[in-house]
Amino acid sequence: MLSVAARSGPFAPVLSAKSRGVXXXXXXXXXXXXXXTPEPPVLDPKRPILSRESLSGQAARRPLVASVGLNVPASVRYSHTDIKVPDFSDYRRSEVLDKTKSSRESSDARKVFSYMVTATTAVGVTYAAKSIVTQFISSMSASADVLAMSKIEIKLSDIPEGKNMAFKWRGKPLFVRHRTQKEIEQEAAVELSQLRDPQHDLDRVKKPEWMILIGVCTHLGCVPIANAGDFGGYYCPCHGSHYDASGRIRKGPAPLNLEVPTYEFLSDDMVVVG
């Protein structure tokens, strides 16, 4: 301040030098800042510091070798104590919940219950399988209209004695022959040793006067001609097979007799074939 008054020139006599002490807040701020300084952290010497060096020191430095012996463990097992293993108590029966109690006392009752459940399940599955198989097989069977067409009713009074009438049955010719008494006696007297396909006449008819046959030659499937041939029965014009009045092969290349279908007499005047 004195230096400023000396350099002021003409204003020097007017100016006077004075000094006054002013309290500054810088010291207080410095003291407050010094009091708030935290102390350096103290490390726990017992707790290891995780670093690259400490972790590498715990790793294996040599190849792992498995040793087996009487007093040497064959493997190393690490136990995880933080895993909670369930005891399945919710799924166990009340008889086996007590660990201190033997389960042999209730084993018979538990076995009987298991057997009953198994048997009931097996019966149910079997019944369901039966229903499924029955429905599947019934779906493959012929319908009612097809079964109705598979049978044919024939009025026998429309066929005179000694005549043969042909019908269509299941797409095949059906022969119904009203035989005379002479034809019945003649066919019954034929020796079986003379036949290529031995079969007695009475085994091929239900009533001797009615002969019902499928009119398809057993050689290659041609339709024979009735009341023709060397034996007065049926003759196949394709390859010359001769059948008698009972439909049995007597001559020619046919190996078997004419087929006899399934039929039933509803009355003396009505027969159902099929």
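Positions of Cβ are set from backbone N, Cα and C atoms, glycine also.
Annotation comment: Swiss-Prot describes CYS217, HIS219, CYS236, HIS239, SER241 as [2Fe-2S] cluster binding site. Per Swiss-Prot, disulfide bond is recorded for CYS222-CYS238. Per Swiss-Prot, the feature domain 'Rieske' maps to 187-272. Positions annotated as region 'Disordered' by Swiss-Prot: 29-49. Swiss-Prot lists 79-103 with the feature topological domain 'Mitochondrial matrix'. Here Swiss-Prot flags 141-274 as topological domain 'Mitochondrial intermembrane'.
Taking the centre of the Cβ atoms of CYS217, HIS219, CYS236, HIS239, SER241 as the [2Fe-2S] cluster site, the nearby residues of that chain (Cβ within 8 Å, site residues left out) are THR218, LEU220, CYS222, PRO224, CYS238, GLY240, GLY252, PRO253, ALA254. Burial estimate for the recorded positions (CYS217, CYS222, CYS236): highest at CYS236, by number of other CB atoms within 10 Å. Each of the binding-site residues HIS219, HIS239 was scored by how many other Cβ atoms lie within 10 Å of its Cβ, and the smallest score goes to HIS239. Predicted-model confidence for the domain 'Rieske' (187-272) is 91, expressed as mean pLDDT. Long-range Cβ proximity for CYS238 (disulfide bond), meaning a same-chain Cβ under 8 A and a gap of 6 or more residues, is found for CYS217, HIS219, LEU220, CYS222. Other Cβ atoms within 10 Å of the Cβ of SER241 ([2Fe-2S] cluster binding site) number 24 in total over all chains. Distant neighbours of the topological domain 'Mitochondrial matrix' (79-103): 109-110; these residues of the same chain sit at least 6 beyond its ends, with a Cβ under 8 Å from one of its Cβ atoms.
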